[in-house]
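Take a look at the structure set out below.
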């Protein structure tokens, strides 16, 4: 028969042994939480693992009881990110992504000519949904362009009802005698507005001066405006240096103001020369002088080789320099051969 004292002592030792086998704080699992979370647990106490928001369990146990051994069983629970649905194809745009898992972001961009109607990025939420919603790519349009003062639409073809699409162009022109400052063509931009509009300004030019030894004609009106024209001419024996017609430009000046150049009096009475590739006689072709800008070739003699060569002479505003090698042939020296009749060197 066991002594009551011995039995009580044995029970005490057993209680101490059992009470001493507590479980430690459980291992941390990626993306999971433990309830209740303590530093130690008595045998028989339970814990429950839960995946954090945005994550779901893939295999393994979630509920555990602290055993008498004081050692937690091996935990094979896996918490993995939620996966949001495929974002789909963004019509007229592109979706950029690396993953559809929580908490990844995806971004959106539209093709040229389209703009994002919605957000530029979306996030995979804890619930496995995209937020904000997936956007759409809408066409970029520009409203009808404002017409500048004193301007008209020269070429306007809206391609979206009354609106124009991205990169559509409009061409303007100014009313007569108004000068356009800027580009006559504007374009619908990616911001949905037009590039800078031109201006149409009234431009006046002063009356063109009459060239010395010449004349000028222009419209008989109080003011000469942009695109008005003036014509010039010279008196006899003078030649116009420059175009016969000038135009009032958008800067308020004339495109050109020509001058009248004096003709050249040839100090040679008689000679055969080359003019425009033909042999002509000075006394016949240039009896009234040689016009400014004209050029002729005089024949010169190479006495050693008994042949001829030509030297150019140019009339410049009443002045011409006769080549020093040229010798005017005298009709009295009939036995001498004129240089123009010799064989070319």
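Backbone N, Cα and C define each Cβ position, glycine as well.
Sequence annotations record features per position, and here Swiss-Prot assigns domain 'Sushi 1' to 21-81.
Long-range Cβ proximity for residue 66 (disulfide bond), meaning a same-chain Cβ under 8 A and a gap of 6 or more residues, is found for 22, 23, 41, 42, 43, 44, 45, 46, 47, 72. Look at Swiss-Prot and you will find 23-66 (among others) tagged as disulfide bond.
Per Swiss-Prot, the feature O-linked glycosylation site maps to 33. If you take the C-beta of residue 33 (O-linked glycosylation site) and look for same-chain residues 6 or more apart in sequence within under 8 angstroms, you find 49, 50, 52. Secondary structure from DSSP puts residue 33 (O-linked glycosylation site) in a beta strand.
As annotated by Swiss-Prot, disulfide bond applies to 51-79 (among others), with the evidence given as sequence analysis. Counting Cβ atoms from all protein chains shown, residue 79 (disulfide bond) has 19 others lying within 10 Å of its own Cβ.
What Swiss-Prot records for 82-139 is domain 'Sushi 2'.
If you look up Swiss-Prot, you'll see 84-124 (among others) marked as disulfide bond, on the strength of sequence analysis. If you take the C-beta of residue 84 (disulfide bond) and look for same-chain residues 6 or more apart in sequence within under 8 angstroms, you find 100, 101, 102, 124, 125, 128, 129, 130.
Swiss-Prot lists 105 (among others) with the feature N-linked glycosylation site, giving experimental evidence as the kind of evidence. A 10 Å cutoff on Cβ-Cβ distances gives residue 105 (N-linked glycosylation site) a total of 13 other Cβ atoms nearby, all chains included.
Per Swiss-Prot, disulfide bond is recorded for 110-137 (among others). According to its DSSP assignment, residue 110 (disulfide bond) is in a strand. Counting only residues at least six positions away in the same chain, the Cβ atoms of 90, 92, 93, 94, 116, 137 sit under 8 Å from the Cβ of residue 110 (disulfide bond).
DSSP classifies residue 117 (N-linked glycosylation site) as strand under the three-state reduction. Swiss-Prot lists 117 (among others) with the feature N-linked glycosylation site, giving experimental evidence as the kind of evidence.
Summarising the annotation, Swiss-Prot assigns domain 'Sushi 3' to 140-202 and lists sequence analysis as the type of evidence.
According to Swiss-Prot, the disulfide bond annotation covers 142-188 (among others). Residue 142 (disulfide bond) falls within a strand when secondary structure is assigned with DSSP.
Around the Cβ of residue 162 (N-linked glycosylation site), a 10 Å sphere holds 8 further Cβ atoms from the protein chains shown. Reduced to three states, the DSSP call for residue 162 (N-linked glycosylation site) is coil. Per Swiss-Prot, the feature N-linked glycosylation site maps to 162 (among others).
As annotated by Swiss-Prot, disulfide bond applies to 174-200 (among others), with the evidence given as sequence analysis. DSSP assigns residue 174 (disulfide bond) to a strand.
Following the DSSP three-state reduction, the secondary structure of residue 183 (N-linked glycosylation site) is coil. Swiss-Prot lists 183 (among others) with the feature N-linked glycosylation site, giving experimental evidence as the kind of evidence.
The N-linked glycosylation site annotation in Swiss-Prot covers 193 (among others). Here residue 193 (N-linked glycosylation site) comes close to 142: these same-chain residues lie at least six apart in sequence, with C-beta atoms under 8 angstroms from its C-beta. According to DSSP, residue 193 (N-linked glycosylation site) is assigned to coil rather than to any helix or strand.
Here Swiss-Prot flags 203-262 as domain 'Sushi 4'.
In terms of C-alpha distance, the listed recorded positions 105, 174, 300 place 105 closest to residue 117 (N-linked glycosylation site).
When the recorded positions 162, 174, 325 are compared by Cα distance to residue 51 (disulfide bond), the shortest distance belongs to 162. Under DSSP, residues within the domain 'Sushi 1' (21-81) fall into helix, strand and coil as 0 helix, 23 strand, 38 coil. With DSSP states grouped into helix (H, G, I), strand (E, B) and coil, the domain 'Sushi 4' (203-262) comes out at 0 helix, 27 strand, 33 coil. The CA atom of residue 234 (disulfide bond) is located 17 Å away from the CA atom of residue 315 (disulfide bond).
Under the three-state DSSP scheme, residue 264 (disulfide bond) falls in the strand class.
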